[in-house]
Amino acid sequence: MKENKKVLLGMSGGTDSSMAALLLQEAGYEVTGVTFCFYEKDGQTAYLDEARELCERLAIPHLVYDAREAFQKHIIRYFIDTYMKGQTPVPCTLCNNYLKWPLLQQIADERGIYHLATGHYVRKVQAEGYWHIRCGADPDKDQSFFLWGLPQTILERMLLPMGELTKVRVRELAAERGFQRVAHKRDSFGVCFCPMDYRSFLKEHLPEGSIVPGSFYDEEGHCIGKHEGYPFYTIGQRRGLGIYLNKALFVKQIIPEENKVIISDNLQSLEQNEMYLHQSCVINPEALLGRDDVVVKIRYRKQANRCTVTRIDADRLHVCLHEPLASIASGQAAVFYRDDKVLGGGIVE
Ligand SMILES: Nc1ncnc2c1ncn2[C@@H]1O[C@H](COP(=O)(O)OP(=O)(O)OP(=O)(O)O)[C@@H](O)[C@H]1O
């Protein structure tokens, strides 16, 4: 499609996408807002009304797209199933890779709109002919970790009005323009459809008896206590185990078939020197593969480790870690960076 001044903006009703609408309009773009219904929380639809009201105030079209079926199947079901396999899910990453951005692209294509936008705190940059996501200017809000899997056809069309701003500045800009409600909305945290405590979510969404109590074992196979069901634990977890032995204990392994959780008091025994990824995305093979100046992050807020990446096949990557890394959990995402540029990523096997 030929580039034009039209942009389709994903609007959640929150501060960031609302401010994105204002800033894009001020920059001369013809904005259309779209709000996806991803799930229904107690029938609440206030977010739809808020997005619609803002669009009315800005005199821009507002679309509502019902994505509940796809979200239920590909995100909520996957989230529950992954925990039931004893793994750690990454719903926000998968939602961006397979739902949010592809849907924006599909709807924009149908309407002859070239640009795609969200209120994500990221920037983009072109290097050696490839578009890359770049960390947002606000280190506290940077969301680059969730956007490693997007194809060039989406990256080239992205507009990211929050990328150069801090959240504090975004709130000031909203207040200066007289959008008090937008300026003072609460930040959202964690996984949008699930409360901070994912255990109660799993209990609520699974038939009774799906998760049953079992035993903790040490590395020698001795039973050292009772747990509430293996899906409630993640590799590397230290807090909330309910075993008190006067020393730090970590979840080392989860064996779903036997409902066993293996515990270690030695963090070093959880360390690994390599990992395999699937569902991988390599943006520019020359910038990532076989290089020794790449870092990998396996958690949103965790420190980055140096690594060398090689390709096994079209889907899989091998990651050799230059220093061992503890708490690698299967199911979670690994994201590659050089400086603040995202080079690709994958899901830990
Ligand atoms: N239901 C939705 N419909 C359309 N776009 C959405 C929806 N939810 C999120 N988005 C888009 O994805 C971006 C990132 O969403 P996320 O929930 O991670 O961030 P956020 O900081 O809560 O953003 P916001 O303040 O805009 O709600 C949003 O800024 C918005 O552009």
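A Cβ is built for glycine as well, from the same backbone N, Cα and C atoms used for every other residue.
Heads up, TrEMBL stuff is auto-annotated, nobody curated it.
Model, not experiment: these values are computed from the prediction.
The number of other CB atoms found within 10 A of the CB of Asp16 (ATP binding site), across every protein chain shown, is 25. Positions annotated as ATP binding site by TrEMBL: Gly10, Met11, Ser12, Gly13, Gly14, Thr15, Asp16, Ser17, Phe36, Gly119.
Sequence annotations record features per position, and here TrEMBL assigns active site, nucleophile to Cys95. Annotation for Cys95 (active site, nucleophile): spatial neighbours Phe38, Phe71, Ile75, criterion Cβ-Cβ under 8 Å with sequence separation of six or more.
Secondary structure at Cys192 (disulfide bond), as computed by DSSP, is coil. Its Cβ taken as reference, Cys192 (disulfide bond) is surrounded by 15 other Cβ atoms within 10 Å in the chains shown. Annotation comment: TrEMBL describes Cys95-Cys192 as disulfide bond.
His120 (site 'Interaction with tRNA') falls outside any helix or strand according to DSSP and counts as coil. Summarising the annotation, TrEMBL assigns site 'Interaction with tRNA' to His120 (among others).
What TrEMBL lists as active site, cysteine persulfide intermediate is Cys192.
Here TrEMBL flags 200-265 as domain 'tRNA-specific 2-thiouridylase MnmA-like central'.
Positions annotated as domain 'tRNA-specific 2-thiouridylase MnmA-like C-terminal' by TrEMBL: 291-348.
The site 'Interaction with tRNA' annotation in TrEMBL covers Gln332 (among others). Cβ neighbour count for Gln332 (site 'Interaction with tRNA'): 21 (other Cβ atoms within 10 Å of its Cβ, all protein chains included).
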Q) On the Cα atoms of Gly10, Met11, Ser12, Gly13, Gly14, Thr15, Asp16, Ser17, Phe36, Gly119, which are listed as binding ATP, what is the maximum pairwise distance in Å? A) 16
Q.
For a quick check of understanding: among the binding-site residues Gly10, Gly14, which residue's Cβ has the most other Cβ atoms within 10 Å?
A. Gly10
Q.
Give me the CA-CA distance between Phe36 (ATP binding site) and Cys192 (disulfide bond), in Å, as a whole number.
A. 13
(Q) Measuring Cα to Cα, how many Å separate Gln332 (site 'Interaction with tRNA') from Cys192 (disulfide bond)? (A) 17
